[in-house]
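Trainee: Take a look at this one; I'll ask things after.
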Amino acid sequence: MTTVITAILILFGLAVVFGIILGYASIRFRVEGNPIVDQIDSILPQTQCGQCGYPGCRPYAEAIANGDAINKCPPGGQSTIEALADLLDVEAIPLDAEHGEEQVRTVAFIREDECIGCTKCIQACPVDAILGAAKQMHTVITDECTGCDLCVEPCPVDCIDMIPIETTIANWKWPSPTDTTRLIATDLGRGQEQQQEAH
Amino acid sequence: MGKVFAFHGGIHPPENKKQSTRTPIRDMPLPKVLYIPLQQHIGIAASPVVNIGDRVLKGQMIAEPVGRISAALHAPTSGIIRSIGPHPVPHASGLDSDCICIETDGKEEWVEHHGLEDYTRLEPGTLIEHIRQCGVAGMGGAGFPTDVKLHLGDNHIVNTLVINAAECEPYITADDMMMRERADEILGGIKVISHLLKPSHIMIGIEDNKPQAIHALEAALKGCELNIDIRVVPTKYPSGGERQLIKLLTGIEVPSGRIPADIGIVCQNIGTTAAIYRAVHFGEPLISRVVTVTGDAVAQPQNLNVLIGTPFADLLDASGVYENKLYRLVMGGPMMGVTVEHDQIPVIKTTNCIIAASTDEMPPAPPEQPCIRCGMCEQVCPAELLPQQLYWFAKGREFDKAKNHNLFDCIECGACAYVCPSSIPLVQYYRFAKSEIRTEETEQRKADHARERFEARQARLEREQAEKEARRKARAEEAARAQQARKTASETPVAETGSAAAVTAAPVDVKALKTAAAVARTKLKKARTALKNAEDKGLDGIDTLRITVTTLEQKADAADQAYKDAEASTVPEQAAAPAVDLKTLKQQVSIMRTKIKKAETALAELDGEARAQAEQDLSTLRQRHEEADKAFKAAEQAQIDAAAAQGVDLKKLKIDAAMARAAVTKLERSLAKTEEDEARAALEAELAIARAKADTLNNTLKQHEPA
């Protein structure tokens, strides 16, 4: 009988000790905020364009964390959807056309002769990439522009163009030797057909 | 001769070096045009310091370095700058990039230049700056600006200087010929570098397939006070790779992701040392280099001393190219070089070889077959990587895994692809994966930067909002306090307020009179109704009522008269008062317009007699609207004229005009979109107004604009 009681007491004692340790740890190592939001936010392209229907990338990241669809980001395109699907362990779905289509990356360009200096585009730019003052010509800092085209609409004289980013030797990429993902032998037929087309 | 170690892997491809070493280095005839690319290496492109049409002398700087990793460019000969713009450049992409085009004049007129008298007495910084100004860059592979490497002594302890003379790639013999003919220059350059870096040990690594070069170097080294070792290494590709050569000579491996300087070693190519020698002793910038022109499709494979910027076509002509045999033109060696499509691509500081290959020599790549996991690639990889694993990852786009398998330690030597029995273009897969990873990283960096800026902006807006709120609160409090003060003041009336009241008495009077007249009229009306009531019902006191009504009538008349008099006296005042209030007028016009619209809608619903009545009303309204509009326009014009008289704010006018024009465009666009007739009519009307406004503004603008 005493052995049983001893065993119970020892187990009880252990439970109390571990409980205290775990309770302390949960307070001491508490993580502020929702870490998954940060991870989602780091995958999103940060154009802050609002095409997803949220006012910026972070709000959309929060919405995804709360269960919104992952296919509402046209600037990120399929690669972002895949990265999100990977992170959240869900199925990768095609881009929702309702929010726009995946397009080539662009930067804003202000035709400076026509600019009247109204500052409306400056107020619209989510990343402060437009430089200028009231009644002074404005200009876009190309390196900072995310290509969100939020500045195009407010311009009263329509002097902002979205120009596709040119391929130069600085941003040129090596092409893939084959376009197919022919990883296993049974994929062979498909790959050969395409190779023959290429030759 | 010291001990030589070994590196993992390597291959022994056919050397094909003998063809181009039969004749000494020959000077190229002067080409007609030179194209000097502004960017010849990683880092920042040089910035041109000459203009189109300028005459430049040989050795004159034509583009200056921008930032730390950037090299100066000099005119290779005297001539005229023809253009600065896109031209095909030696790059795997085959894209155009900015080049300075010089039309040579054949005079070879040198700019004034002189060497440093005694560089050993100069500050190291001054000496390195001199080398930087001469545009010396690594001539072996990447074209890295040499001055950056020479500064390595500042924060690294350099104990070993390795001079790379291995030249392991087949076909290329430029360095070999340099050593045979210019060993003294090479030695002179080594002395300068050794003065700057102060290494305890200098090693020249050279492959054993260059006996004549070894003899030449040994002869030059006789009597040299420096501790220089010539280490002959066995011929094996790629022993000329920086990391491989260091492993061969010292037995030390450069850690992944680090540079040789981190383990106290600096490596320089022998071509670079010769360039340093010429820069320091003669003040000659790097304007020419030795290029091997070889391959089955040239009659005379040889080494040429070529000016930087010479198009490949001139090199091929000088060596007698067989156009019909030429299958492809390769820039660099057969292992690491790239096929180029354009023969106007110029020689740059890193161009060591051009191969004009026939079909037999370099046949088209056989089709890629599946990997059989034979492991031969792993056996030959000099970087001790797992090529087939990297291949799977690159193909399956699992770039993270490729990175974790040290993809970036791959030197793209091509040994794996050379031995692959399935002829898989492995290096192309690695290059593809590397550039994908790099692009992804750049995009990630850009995204992080954008996020930072977005958050900073958000914080700023919030702060501004808070400040605004605080200011508003402060103002409200101020107002409340002022109100309080006024209240206290009014409770204790002071004598002074009396006079103020007298001043305001006159306008108040009119108002009071009006009220009085209205009150009198109302009373009269009430009395009349009462009288009528009484009469109808035959009540008592009708007489009294009658008298009251008469008195009231009199009173009302009097009040009315008084009011009218008072008003008449104030009217002129009002007319003279601050001209016309444009805003009020505008408001009136718009109110009128709304009324008309309402009336029109109502009209549509009515019919019969009421309709006629409504139509009449509407026409009156329209008339009034027109009048108001006219008044408004006149007032506006008057104001504009007045402004003109005072010197119009031209800028404001311009902006107004631009806005008006934009409004017209917008309206036109929406008009084009609208299909409903009614909406169209309304839009057209608006458009007409907008156009008129834009025209007026434009005219005014033209009048006021300085001729």
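Keep in mind that glycine also has a Cβ here, set from the backbone N, Cα and C atoms.
Heads up, TrEMBL stuff is auto-annotated, nobody curated it.
As the structure is a computational prediction, the values presented were derived from the model and not from experiment.
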Trainee: From A:C57, A:C73, A:C155, grab the residue that TrEMBL records in the same [4Fe-4S] cluster 2 site as A:C115, A:C118, A:C121.
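Mentor: That [4Fe-4S] cluster 2 site, as TrEMBL gives it, pairs A:C115, A:C118, A:C121 with A:C155.
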Trainee: Quick check: of A:C52, A:C125, which does TrEMBL put in the same [4Fe-4S] cluster 3 site as A:C145, A:C148, A:C151?
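Mentor: That [4Fe-4S] cluster 3 site, as TrEMBL gives it, pairs A:C145, A:C148, A:C151 with A:C125.
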Trainee: Of the binding-site residues A:C115, A:C121, A:C145, A:C148, which one sits closest to A:C73 ([4Fe-4S] cluster 1 binding site) when you measure Cα to Cα?
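Mentor: Nearest by Cα distance to A:C73 ([4Fe-4S] cluster 1 binding site): A:C148.
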Trainee: Determine which residues of this chain, when A:C125, A:C145, A:C148, A:C151 are set aside, have a Cβ within 8 Å of the centroid of the [4Fe-4S] cluster 3 site's Cβ atoms, and list them as they appear in the sequence.
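Mentor: Same chain, not in A:C125, A:C145, A:C148, A:C151, Cβ within 8 Å: A:A108, A:C121, A:A124, A:P126, A:V127, A:A129, A:I130, A:V140, A:T146, A:G147, A:D149, A:L150.
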Trainee: Take every residue in the domain '4Fe-4S ferredoxin-type' (A:106-135), average their pLDDT values, and give the whole-number result.
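Mentor: Here the predicted model's pLDDT, averaged over the domain '4Fe-4S ferredoxin-type' (A:106-135), is 91.
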Trainee: Between the Cα atoms of A:C148 ([4Fe-4S] cluster 3 binding site) and A:C49 ([4Fe-4S] cluster 1 binding site), find the distance and write it as a whole number of Å.
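Mentor: It is 5 Å, counting Cα to Cα.
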Trainee: Whole-number answer please: how many Å between the C-alpha atoms of A:C145 ([4Fe-4S] cluster 3 binding site) and A:C49 ([4Fe-4S] cluster 1 binding site)?
Mentor: 11
Trainee: Which of the binding-site residues A:C118, A:C121, A:C125, A:C151 has its Cα closest in space to the Cα of A:C57 ([4Fe-4S] cluster 1 binding site)?
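Mentor: Answer for the nearest of the binding-site residues: A:C125.
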Trainee: For the domain '4Fe-4S ferredoxin-type' (A:136-165), give me same-chain residues lying six or more residues beyond its boundaries with a C-beta closer than 8 angstroms to one of its C-beta atoms, as numbers and ranges.
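Mentor: Counting only partners 6 or more residues beyond its ends, the domain '4Fe-4S ferredoxin-type' (A:136-165) has Cβ contacts under 8 Å with 45-50, 75, 104-112, 114-130, 171.
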Trainee: Checking the binding-site residues A:C49, A:C52, A:C151, which are within 10 Å of A:C121 ([4Fe-4S] cluster 2 binding site) at the Cα level?
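Mentor: Those near A:C121 ([4Fe-4S] cluster 2 binding site) - Cα within 10 Å - are A:C151, in sequence order.
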Trainee: Can you name the binding-site residues among A:C115, A:C118, A:C125, A:C155 whose CA is within 10 A of the CA of A:C49 ([4Fe-4S] cluster 1 binding site)?
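Mentor: Within 10 Å Cα-Cα: A:C125.
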Trainee: Out of the binding-site residues A:C49, A:C57, A:C73, A:C121, A:C148, which are near chain B, with a C-beta less than 8 A away from one of its C-betas?
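Mentor: Cβ contacts with B, in sequence order: A:C57.
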